[in-house]
Amino acid sequence: MTPSTPPRSRGTRYLAQPSGNTSSSALMQGQKTPQKPSQNLVPVTPSTTKSFKNAPLLAPPNSNMGMTSPFNGLTSPQRSPFPKSSVKRTLFQFESHDNGTVREEQEPLGRVNRILFPTQQNVDIDAAEEEEEGEVLLPPSRPTSARQLHLSLERDEFDQTHRKKIIKDVPGTPSDKVITFELAKNWNNNSPKNDARSQESEDEEDIIINPVRVGKNPFASDELVTQEIRNERKRAMLRENPDIEDVITYVNKKGEVVEKRRLTDEEKRRFKPKALFQSRDQEH
């Protein structure tokens, strides 16, 4: 883009051209930037149309301010904003939801300003009043209305019901399934014999312990079975099952007999049981 001179402003004011009578010193001073006249400027709205008022709380206390002023300098008022102490106790009576009568008493209010801003005169007066009357300095709590009391009682009942519901919802052992020490003692220590007999017979009963018979381990003992014992065992097995020597039986997984087949002489020789422990007679 080719640079060009910007268009001339319409509101531009030109300086007066120097006349022929102008001195050379005036020409050497140079030209000044033209300024617009002040009457062409847009009027500005003032920040406020009224004069500022003198705020008494923002200004320091004036010596002319007397008792008519609500501020009265930096001293505290000598009267409490609470009701006068001459007003005695007032009874607030209302009926609760259970047709009962509730009464609350409002204690007279003390002068709090003398405690916050004490003076020598006020200290003496307060000491005398405390000795005589013993007034309460702090204001008492406000009386409770019948509606607030009713709502508080309903809230307490709801909280108790909610706690009971939470206790019931918590999982626990049923009462009929709880095992006590007495029940465990009856299960483990009492036998049918003891229940049938009297308490005296239980005390005098002799305990008989039968000896436990332990079978002999043939692999750990040095004793050998004789041939007579072997033949006796063989005859007992043949009496129970005569086909035990030459018949093979097939059973399924349920233990039911599926098939029986007789063995050949070759199979008898192969499947013949062998004695693990031989006697001295067989060895020789």
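Note: Cβ is positioned from N, Cα and C throughout, glycine not excepted.
A quick note: this is a predicted structure, and the numbers were derived from the prediction, not measured.
The compositional bias 'Polar residues' feature in Swiss-Prot is assigned to 18-52, 61-79. Sequence annotations record features per position, and here Swiss-Prot assigns phosphothreonine to Thr5, Thr33, Thr173 based on experimental evidence. The phosphoserine annotation in Swiss-Prot covers Ser76, Ser198, Ser201. Annotation source Swiss-Prot lists lysine derivative at Lys268, Lys272, Lys274. Swiss-Prot lists 1-89 with the feature region 'Disordered'.
Where Swiss-Prot records a feature, it is marked here on the structure.
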{"residue": "Thr5", "record": "phosphothreonine", "CB count, 10 Å": "5"}
{"residue": "Thr33", "record": "phosphothreonine", "CB count, 10 Å": "5"}
{"residue": "Thr173", "record": "phosphothreonine", "CB count, 10 Å": "8"}
{"residue": "Lys268", "record": "lysine derivative", "CB count, 10 Å": "12"}
{"residue": "Lys272", "record": "lysine derivative", "CB count, 10 Å": "9"}
{"residue": "Lys274", "record": "lysine derivative", "CB count, 10 Å": "5"}
(request) Measuring Cα to Cα, tell me the gap between Lys274 (lysine derivative) and Thr173 (phosphothreonine) in whole angstrom. (result) 62
(message) Return only the integer: C-alpha distance in Å from Lys268 (lysine derivative) to Thr173 (phosphothreonine).
(response) 66
(message) If I take the alpha carbons of Thr5 (phosphothreonine) and Thr33 (phosphothreonine), what is the distance between them in whole Å?
(response) 18
